[in-house]
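Single-structure report; data block below.
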Amino acid sequence: KIIFEKQWFYLDNAIGHVYGTTFEVTSGGNLQPKQEVEETNTETKEAGTDNRNIVDDGKSQKLTHDDIKALKDKGIKGQEIVQQLIENSTTFRDKTEFAQDKYIKKKKKKYEALITIVKPSTRILSTMYYAREPGKINHLRYDTLAQMLTLGNVRAGNKMIVMETCAGLVLGAVMERMGGYGSIIQMYPGGGPVRAATSCFGFPKAFFDNLHEFPLSKVGSLLSGTFSTETLPSEPEDNVLAEEASNGLTDEKQTSLQGTEEESTTEAAMEINQTEEQETMDINAEDVELKENKEKENKENVREKQRKQWERRKKLLETAALLREKNADGLIVASKFHPTPLLLALLEFVAPSRPFVVYCQYEEPLLECYTKLRERGGVINLKLSETWLRNYQVLPDRSHPKLTMSGGGGYLLSGITVVLDKGKSDSSNSEALKMEEPSSKRCKVQDLHC
Amino acid sequence: MSFVEYGDTIKDGDTAIVFLGHDSMFPVKVQHGNVTQTKYGVIRHSTDLIGKKYGSKVTCSKGGWVFILHPTPELWTMNLPHRTQILYSTDISIITMMLELKPGSIVCESGTGSGSLSHALIRTVAPTGHLYTVEFHQQRAEKAREEFREHGVEHLVTVTNQDVCKNGFGVSNIADAVFLDIPSPWEAIGHATSALKAEGGRICSFSPCIEQVQRTCLVMEEHGFTELNTLEILLRVYNVRTISLQIPDLGKTAEDNSSTGFDSSNPSNQGSPCANLQQGAVQFKSGVPLREMVGHTGYLTFATKS
């Protein structure tokens, strides 16, 4: 049982229908009405030409609030309520054709509760997150995400590094574009990666085979060569729990909109079952007696913990090895953290002639990042940009931009890596570099700085 | 090299991008014995390019240098030879996402034009998807085929030379998505419907004029398309500049000036031609919009067939 837009319903009836099917909500369950409701042919063709004689006296609707409520309580179809409202509106006939249209549309929206169940995709999920939970994805608007995927040349076969705190939405978008080919290394802050949005995509299990994760707090030691697995990032158990909890929360919301949860949750459930089975088998094989004693049970838990830790450690070492190759095909950053230190560190893992994209909700940190990258060198074609998105109403004789548009969808800094000059990486040498530049280039640099 | 796979080193026959500096680059076909002239001097392919790593700095004969980049659809879009007006990466990115393209997708496109969008579509649907692109101009169709071959993506694309409004896409019930960039898209909606899979798919039409959009929307509705959505995306690029604003002289004494709270003329600004130490100035970094920007490319109308 789920709730969506002040309606509650069961999803049982929706199973077996194709994606894109529209449902009408009845008391509790789902009915499947025809795809296309026959257009209300009640067009009396009677319409006014202007509103010079329409007076707002608040008495044009002859049905009272109570009458409407009574109609609703009787369980009358929304379509009929709308019809009643029209018939009891004294001004309806005097309204222009367009105004009548608008009136009907408004009432339909209110009384005819229709729900369409669609397949999850980056398009749907990013639009939904931006509308419903912009705070969880750092106000990353969907067109900005689209830019990131294109500027980052995200495609099958790549080895991508992703650092995001967007509930796993950016990760999911990258996974969709890679289609299970290639590998992704997700850098995560804190105890573990958040993938609440990722699970909404309903990716097949195979997509997760080449998805790796690496703690951000280990990047420093990995770069300096002092990396070891001795000190793991904080409690793994807790993180898993926290992650699951947040998964559950968003799942609920997703469900209501998409009805995708069947796939994702069953998948998750299957995974859990599998590991549990394995574990019990291991335990059984080891010693049956252990189970009898509580004290020994604790020991068992410890052993299980150790086993899990050992597995985590193994995965961590694998991921570290992947990073150490320093040949990633791209870097995508979209987080709540200051982008400069992230970029300066993570770019080390990227091969030359590869694109990188950083998202930030604000412009100023990217200005600094731009300057620092210039000082560091090893990057070209730096571009700071933003996109504006404008939606249109297109109707015969009534086309215009929509009344409201999004105020901001964040900023992007993108560029391409190049081979860094050896021995010239410190900032004092960047001056020398500039002097080496042909005169025409030097002029440009100066232009930029003034 | 291939447009759908990264390679480490430059090989004979590759298409590479020569990066000269700020927004100045061009594509080059790498061939043994060939030379390329740049304003910084000559690049000899056999010695300067072949075998080198992509992303390397190459020193030209006059002592200047350039970077050699691995081709991507985005770099190609910025450097391709125009045979028609082309779509740029900003529009391409939203098209790709809104059409829900991914590896394995089957896409129909018309017209092929200069192949700017085509390369991006191929990149996204590779290695298991396919692009069916229709171009009624024979010469352009030929040229596109040749480019796809050179770029190592011919196995992912079929170019058909016919009129999409009359003869359609040459395929039926196989496409996940259809893209139209033609003068009269409403005449091709019927063909688009039959090209799309029976279980449905997405469509996008690109038109510069609102009248074209209106006609297209009407016909889309007639053909049972739902979720009609028309939008426009604008790219704003910012130059990162250090700006220095002088503090006006209001005739105050020195002590007054220091108490204004501005960190005026701090030592780090020394040497910068913009800082006026005597009068005092405030410096800050700013993202300055370009003096002129693209205000309109086209309206993008999306819809779903289900």
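If you go along the chain as it appears here, the first residue is 1 and each next one adds 1.
A Cβ is built for glycine as well, from the same backbone N, Cα and C atoms used for every other residue.
Curation does not apply to TrEMBL; its annotations are automatic.
Feature annotation from TrEMBL assigns S-adenosyl-L-methionine binding site to B:SER114, B:GLY115, B:SER116, B:LEU117, B:GLU135, B:ASP163, B:ASP181. Taking Cβ-Cβ distances under 8 Å and a sequence gap of 6 or more within the same chain, the neighbours of B:ASP181 (S-adenosyl-L-methionine binding site) are B:LEU87, B:GLU109, B:SER110, B:GLY111, B:GLY113, B:LEU117, B:SER205, B:PHE206, B:GLY298. According to DSSP, B:ASP181 (S-adenosyl-L-methionine binding site) sits in a coil region rather than a helix or strand.
According to TrEMBL, the feature region 'Disordered' maps to B:252-273.
Annotation comment: TrEMBL describes B:256-273 as compositional bias 'Polar residues'.
Fewest other C-beta atoms within 10 angstroms, among the binding-site residues B:GLU135, B:ASP163, are seen around B:ASP163. Residues B:SER114, B:GLY115, B:SER116, B:LEU117, B:GLU135, B:ASP163, B:ASP181 are the ones the record ties to S-adenosyl-L-methionine, and the longest Cα gap between any two of them is 20 Å.
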